[in-house]
Amino acid sequence: MKFGKSICVLNVGGTRYAFTREVIRDFPLRRVSRLHACATEKEVLELCDDYDRDRNEFFFDRHAQAFVFIMLYVRSGKLRFVPGVCELSFYTEMLYWGLETAHLDSCCQKRLDERMSDIGMDSLSEEDIILSGDECLTPEETTQQIALTGRAKWLERMRKTFEDPNSSLAAQLLASVSVIFVIISMIMLCASTLPDWDTAKKTTVEEHRIVEAVCIGWFTAECIVRFLLARDKCDFIRHPLNIIDAIAITPYYVTMAMAGAGMPGAGLGVAGVILRVLRMMRVFWLMKLARHFLGLQTLGLTLRRCYREMVMLMVFVFVAMAIYSALAQLLEHGLDLDSQNQDFASIPAAAWWVIISMTTVGYGDVYPVTIGGRVLGGMCVVSGIVLLALPITFIYHSFVQCYHELKLRSARYTRNVSSEILQ
């Protein structure tokens, strides 16, 4: 900013906020931060409604209460709807200041998706809503409004490319390559357990090493780039999927280090067993597919929202299992000392029969022989069906709701990618 005083005043709907130039330059709201790059008053007036040079005050004819909640997001990192204000009106304010739906808390994203679906606006992209809420802007101004500048723009675009497969065409291509490498790695992992694998590996050892090295190299590079682009490095390290990535990648480098030191993994005893266990952790790379497939995302979101119902289900099962296993051990082993059923010699042994009966699996390896035990078995099966069915209804409705939300979100991303392709 090459004009005005060192203190900048933002007047939003009559409410004034004072900031220094340095704060304006690094402000989280894109429309505000772009004021710092303006060299003339004409450029300033393209971003705000009026400008007072004497007081260095920028006027925005926008919703003052909505901006208060947006400022709370700037301070605390949590963005929620204003009570009593239409969700779509607040969403328009968000887009005006340069925020997106991803900045909203999950509960507010759900409300927005439902609202847009009810009135048929789920078919509109964010650019369409910006135009409908701010018709005075020209296409060039709208393009400027939603853009970041310089290094921040590049970092944000790269971060979305690696973290959000639906954000752009490049992100989808990158996600497709990642999925291909995951599939190849899983095929190699499954094939390595076949009896003929060692013989085949001796004849084509170089090809196997090259394929494995390429897959590990891709996953390592992807993990490093995502770590460097992450906004919060601590949150990135604590994320479960990133922990799985690190556990799955590490054994390869440990194996290479041991091979270089002349210690083959097969002859390391306990260390070799631990290494093979860690190597088998690669199967959890399938969890990476959750970033790319709507079904796995829906399952994860449902489990996260229904953890209380899942805990309640486990409590039901454990209580019933404790009761029925004690009764089964008594009826089959404790009452008749002459013809004891050795399959029910203890309560833990009877608990195995109870769990496979309650879940209606019934392997047939353990079964009661007394009349009382068979009656108890019938009661166990019926009560198991009832107990398992009680929380399932809540989990099912939550699954349908999560799928609907993610489907709406995915549809908006798909339309944005289609617009990028057409352009």
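Cβ atoms are placed via backbone N, Cα and C, with glycine included.
Note that this is a predicted model, so its numbers are computed, not measured.
Among the features that TrEMBL reports, domain 'BTB' is placed at 6-115.
The annotation transmembrane segment is assigned in TrEMBL to 169-189 (among others).
Residues annotated as transmembrane segment in TrEMBL: 266-285 (among others).
Among the features that TrEMBL reports, transmembrane segment is placed at 306-324 (among others).
The transmembrane segment feature in TrEMBL is assigned to 344-363 (among others).
Sequence annotations record features per position, and here TrEMBL assigns transmembrane segment to 375-399 (among others). If one looks beyond the transmembrane segment (375-399) by at least 6 residues along the same chain, the residues whose Cβ comes under 8 Å of a Cβ in the stretch are 298-299, 302, 305-306, 309-310, 312-313, 316-317, 320, 324, 327-328, 331, 354, 357-360, 367-368.
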### Query
Which bits of the chain, at least 6 residues beyond where the transmembrane segment (306-324) starts or stops, bring a Cβ under 8 A of a Cβ in it?
350-351, 354-355, 357-358, 376, 379-380, 383-384, 387-388, 390-391, 394-395, 398
### Message
So if I exclude everything within five residues of the ends of the transmembrane segment (169-189), which remaining residues of that chain have a CB under 8 angstroms from its CBs? That is, six or more out.
### Response
160-162, 208, 211-212, 214-215, 218-219, 222, 280, 282-283, 285-286, 288-289, 291-292, 417, 420-421
